[in-house]
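Visitor: One structure coming up, written as structure tokens, with questions to follow.
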């Protein structure tokens, strides 16, 4: 068996095509969606990631609002930029690029954000709304995973799903999305305290791994025909960036997301979706 590729690049391109039409319709009403980014410091990875977001914006017609601060910026200076974007009518949604420099209280920064402008879907209030099953911007990566599964017809209703990892960005919110009535999956969450990871993996119809452990998951861990989505990013002993899933899993799985090229493009696409949906809510 060779797994079908869950192509995040192609799916993201289709989403962008749809968003381009929706943005054009908003502009006819006099509304131009705007994505703001707050970048503190000169980390090359963060700079590259933010630049990619603004390229995506240009492709679909979303305006870019960029705020850059030096690594020496104080808590007060960063908070001032957040308050500015909260009040800026041209900013439909925005993100604060993490991590922030040492000594900065990230949680305090995130809590200052206007929840209605939370493009990442990670504001504490919006995560609380997700727990309560109330409307809110959805976390980009978990929602990207679901969109990719739907695109390829991978059924979640009644499925046994294992989520590996418990970080806020993916691990905490992924089970919340999967257990909604619209998805109706049964979820097991595994982490560093899980005694026998392979036992749980072998029972799973769908595996979403966000552990950040190089090639943690191998072919003999996976049930034949399962869908495997690799969200992890780490470096192996040679310093090469790799995912959580070993390449040999593709010989056993029914579907597999490549890394890179799987969930990553979907995360960026869902960020744009959150911005456009916020603009559409404003338009009524």
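Think of each number as a place in line: the chain as shown, counted from 1.
Backbone N, Cα and C define each Cβ position, glycine as well.
Just so you know, TrEMBL annotations never went through curation; they're auto-generated.
Model, not experiment: these values are computed from the prediction.
In case it helps, TrEMBL gives these features for our protein:
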BINDING   165, 166, 167, 233  NADP(+) binding site
DOMAIN    6-120  domain 'Tetrahydrofolate dehydrogenase/cyclohydrolase catalytic'
DOMAIN    139-282  domain 'Tetrahydrofolate dehydrogenase/cyclohydrolase NAD(P)-binding'
Visitor: Determine the minimum-neighbour residue: among 165, 167, listed as binding-site residues, which Cβ has the fewest other Cβ atoms within 10 angstroms?
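Guide: Per-residue Cβ counts within 10 Å for the binding-site residues 165, 167 bottom out at 167.
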Visitor: Ten-angstrom check, please: count other Cβ atoms within 10 Å of the Cβ of residue 166 (NADP(+) binding site), all chains counted.
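Guide: There are 18 such Cβ atoms around residue 166 (NADP(+) binding site).
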Visitor: What same-chain residues, at least 6 away in sequence, bring their CB to under 8 Å of the CB of residue 233 (NADP(+) binding site)?
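Guide: For residue 233 (NADP(+) binding site), the qualifying residues are 212, 241, 243, 259.
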